[in-house]
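Structure, as structure tokens:
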């Protein structure tokens, strides 16, 4: 190879390396973090709808069976709650037949194998409309019930139809716990975004540290609606061996405190908090006082003052030194509302672009 050819080759290599360097500067990494059942995966699905043309036909087939599974899980939760509240099944032959059919189906098939045929759908519909289940639903905000339970069971006829294909709202409502690490990449304005969704279950959280390098923005999702709910903490037990109970919102606060003050996130990493599930919170706050979670709360049990109080409590968890370098940005969200998430995410990206400007050097 002549010297001229070698020079041309080196020039091409250098230009390619420079292009890759520029491209890497334009890639922004966004981390989605939060505890179990906070709505994190729903935000992730919204990004696919808003920025990636939604879902494939195969995705919709998989979501169809996931929705069937969610319906069975919801009915299990309602029947367990009826036992807990001591609400006996209606004394009716049709309800007894429906309950027996449902239980025998559960013996034959696992939740993941469900085919929502007409007979099973009829049994589910009869149970859902029975008086003892209505009594449970009157206290649904006290239960650990799938957020989508009423949504799907209300529409059991549509969902059990042979030609059923999930709508986008069905997909957003479908619940599956995130396990492992899932990534998507999509263009946004003058940059490319890599969004990383990390499993929120307690057993998954030890994996989070592996995703903390070169993060431009953290979206931490906390379900504000969990303020009156408690989960069993299998890792911490009482003297008698029974698990301790942890308030869901308090647990999110502890998690957020660790993340927001973590040394891996420099002053150039935007920290953004989504107080999510405000639709459920609005339903609850007039019935279940905020003092369930915050004993020192002195305000009225109304949406706006309660939201402001929770926002302030989260803000106080971030150290003064960090807040001096970069403020905490908080948004009140409903993850199943596409317009709300589109608007909020646009605002978040303005913040991330601004804070990342010095780091990525392309604005």
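Yeah, the Cβs are placed from backbone N, Cα and C, and that goes for glycine too.
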Segment assigned the feature region 'G4 motif' in Swiss-Prot (from 256-263, 264-271, 272-279, 280-287): 272-279
Which range of 1-14, 15-28, 29-42 is region 'G1 motif', per Swiss-Prot: 29-42
Feature region 'G5 motif' in Swiss-Prot, mapped to one of the ranges 333-338, 339-344, 345-350: 333-338
Range annotated as region 'G2 motif' in Swiss-Prot, from 143-151, 152-160, 161-169, 170-178: 170-178
Where Swiss-Prot places region 'G3 motif' among the ranges 183-192, 193-202, 203-212: 193-202
Binding-site residues compared (172, 176, 198) - the one with the fewest other Cβ atoms within 10 Å: 176
Other C-beta atoms that fall within 10 angstroms of the C-beta of residue 34 (GTP binding site): 26
Coarse DSSP state, helix versus strand versus coil, of residue 41 (Mg(2+) binding site): helix
Remote residues contacting the region 'G4 motif' (272-279) - C-beta distance under 8 A, at least 6 residues beyond either end: 38-39, 43, 147, 217-226, 256, 303, 307, 310-311, 314, 328-337, 344, 348, 351-352
